[in-house]
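There's a structure below that I have some questions on.
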Amino acid sequence: MSRESENTDDEPSKWMKFRSLLVFSMLLRVFLIVYGEWQDAHMEVRYTDVDYIVFSDAASLMASGESPYKRTTYRYSPLLALLLTPNSFFHRSWGKFLFSASDLLVGWFIHKILKQRKVPEKICTYSVMVWLFNPFTFTIGTRGNCEPIVCAMILWIILCLMQGNLLQAAFWYGLVVHFRVYPIIYALPIILVLDTQVFRSGQKPALLYWNTGQAKTPASNMERKTFLFNLLTTLKSLFSRERIMFALISGGVFLACNAVSFYFYGQEFLHEALLYHLTRTDPRHNFSIYFYHIYLHYERQFSAVEKLISFLPQFTVQFALVFCFSQDLVFCIFLQTVAFVTFNKVITAQYFVWFYCLLPLILPWSHMKLKWEGLLCIIMWIGAQTHWLLWGYMLEFKGVNVFLPLWIASLLFLAANTFVLVRIIQRHRFSPLFRRYESSSSSNNVTKED
């Protein structure tokens, strides 16, 4: 029997294995939701995230015809409250099931994206397991956090781009930026990748597939340089049809969602869902290195210059990453997300899920072995986080004044994040998402998706 026929025969069993993973993951999440209901009723420490209570209260207000922003600390899109209105008349755990379903959808999208790039099934399975069986990710949805919905939309946008569905990608991108502001950082790399040598009218973009060689051999310096984006080429086709269409549709959807929300909820929506996230200063302890400065000077208003300076590290790193890696789109937005969280003015644990959903998509192109280098990075990152949490526990639950050691722990956490990020970049095999149509002769050699 030929190898092709053997691979064809193996496909049903491979699909069954992946489906079994999804079924087991679903049962695990259902169990955690049911267990969470029991823990909330019988134990002092609640399983349910405090944010879920805020979401549910806002949804209840919306269901009764009032503004969800009457609920203090609700600072999200009205769409979230709308999605959770069944909490009021169906069951209070409706939202948890919705978020957990989105969590499973993320796993399915990860598998789909990797298969589209011809990653072997075994590697696909391991990559999906990094998401589905990560204790942090399978608890965040079951505890009632909405981030899995955002992750699912972002992966769907990537999948739409890979399939050449620019209209869908633009629509969902405008929607996800309205739903959660932070994906706005992906606008520039997406626009840059919509090159006329990649997206041509009437043609599906050709993907650059995974191959065995790139899993074993690190990229040379010359190869890395070829992946730096050619600025001159960009300027020549800056206003291409695809870029203009994507910008107009995504911008139109974003503005339309905001206009409808503003029509119903006015300045409350504008301030709580949008402006608040741009000017947020949190005096409570969090992972950010800025928290101590904000805590010491919270009584006074920060000047515009001080607020701008706090954004400069983020802007600088973002532009540098986009310039270097935009053609390797998935890797670029992963790096952007990690850097955005690392240098943000406020960092909470739920933000980590923003890049957890992208991590499985870059693993097949990484040369970092779990033993020892990968293990070292994991220990360093978790160790720095645990060290911070110990000081946070002393402050929060014991009432001990440990603000200075806690700030030092934040500095160490920043250093750990930076070290791990640099190692990931160094051990990554740079691979553009799309092949470029250099000429009519070379286009005949482009391997298109089956």
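Each residue, glycine too, has its Cβ placed from N, Cα and C.
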Could you confirm whether, in Swiss-Prot, the topological domain containing Lys369 has the same name as the one containing Arg243, so that both are on the same side of the membrane?
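Going by what Swiss-Prot records, Lys369 is on the opposite face of the membrane from Arg243.
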Within this structure, do the transmembrane segment (315-335) and the transmembrane segment (244-264) have 3 or more Cβ pairs under 8 angstroms, counting pairs 6 or more apart in sequence?
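With fewer than 3 qualifying Cβ pairs, these stretches do not touch.
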Any residues 6+ beyond the ends of the transmembrane segment (402-422) with a Cβ under 8 Å from its own?
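That would be 285, 287-289, 291-292, 295, 335, 338-339, 342-343, 377, 380-381, 383-385, 387-388, 391-392, 394-395.
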Sort out the residues at least 6 away from either end of the transmembrane segment (122-142), same chain, that have Cβ-Cβ distances under 8 Å to it, and list them.
17-18, 21-22, 25, 28-29, 32-33, 36, 49, 96, 99-100, 102-104, 106-107, 110-111, 114-115, 148, 210, 349-350, 352-353, 356-357, 359-361, 363-364
Between 0 and 100, where does the mean pLDDT of the topological domain 'Cytoplasmic' (265-314) sit?
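Averaged over the topological domain 'Cytoplasmic' (265-314), the predicted model reaches a pLDDT of 76.
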With the transmembrane segment (149-169) as the reference, which stretch in 21-41, 94-114, 346-366 has the largest tally of C-beta pairs below 8 Å?
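It is 94-114 that shares the most Cβ pairs under 8 Å with the transmembrane segment (149-169).
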DSSP helix, strand and coil counts for the topological domain 'Lumenal' (143-148)?
2 helix, 0 strand, 4 coil
Tally of helix, strand and coil residues over the topological domain 'Cytoplasmic' (170-173) according to DSSP?
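So the counts come to 4 helix, 0 strand, 0 coil.
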Can you say which of 94-114, 174-194, 346-366 has the most Cβ pairs under 8 Å with the transmembrane segment (21-41)?
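Answer is 94-114, with the largest number of Cβ pairs below 8 Å.
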